[in-house]
Structure formats: structure tokens, C-alpha cells
Amino acid sequence: MAKPEPDVVVPEGDPAKGAKLFKSKCAQCHTINKGGSVKQGPNLFGFYGRKSGSTDYAYSDANKNSGIVWSDKHLFVYLVNPKQYIPGTKMVFAGLKKEQDRADLIAYLKEASSK
């Protein structure tokens, strides 16, 4: 069963600040450029608006069966605690607790994953 989109308001984010967060918190496991390599985690290019677990990567069944289509609202809640939002995910990231950090990272991810 698909996870419904959360009823949250996502603050405006700053992509430049999000880029710094990506570099310090995400880049060790993810790339985000077209044709980028798969590391411990999948390349995130083009993931925004796509169904979770649907690219060429060995996703967990939890990700593949979540029914999530990545949006601001899903990412905003997911990034607090990935393992709580999708129990069984392979994502080992502990999460970002600050709302503005999540908003900044989302702004960057949306921008960078479409270039």
C-alpha cells in the first residue's frame, strides 16, 4: 500500500546551503549527477518525482514496496529519520533534525537532480 503524502508545510530552502549539507552528509554514499556512479547508495539524479526504489540499484524491499513518489513533503519527513519513515530501508543516515536544514537540502536535491 502506498504511503500517503504527509500533511506538512515545507519551508523555503536555500540550495546553496543545501549543497554544503549534501557534501558533508550525503556525498560519501550518493552521487547526484547524470551518469554518476552508484556508491553505497544510489545515484540521486532524476529521483525527484520518481517512485522510490525504481532505479538500477539493489534497493530493499521496503523501499521498492513503499509506494512513495519523492516529493518535498515525503523528503521533509523522511529526512528526519529514514529508518523510521521506511522501516527496512538500507539508508544508514541518522537524519537531519532541523527543519531548515531539511528544507535547504531538499531545495538543493531538486535543483541538482534535474541538471
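Heads up, the Cβ atoms here are built off N, Cα and C, so glycines get one too.
Quick look at what Swiss-Prot annotates:
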BINDING   Cys26, Cys29, His30, Met91  heme c binding site
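Each of Lys25, Ala27, Gln28, Lys39, Gln40, Gly41, Leu44, Phe93 belongs to the same chain as Cys26, Cys29, His30, Met91, is absent from that list, and has a C-beta within 8 angstroms of the C-beta centroid marking the heme c site. Whole-number maximum of the Cα to Cα distances across the heme c-binding residues Cys26, Cys29, His30, Met91: 11 angstrom.
For the binding-site residues given as Cys26, Cys29, Met91, the lowest number of other CB atoms within 10 Å of the residue's CB is seen at Cys29.
Taking all protein chains in view, 22 other C-beta atoms sit within 10 angstroms of the C-beta of His30 (heme c binding site).
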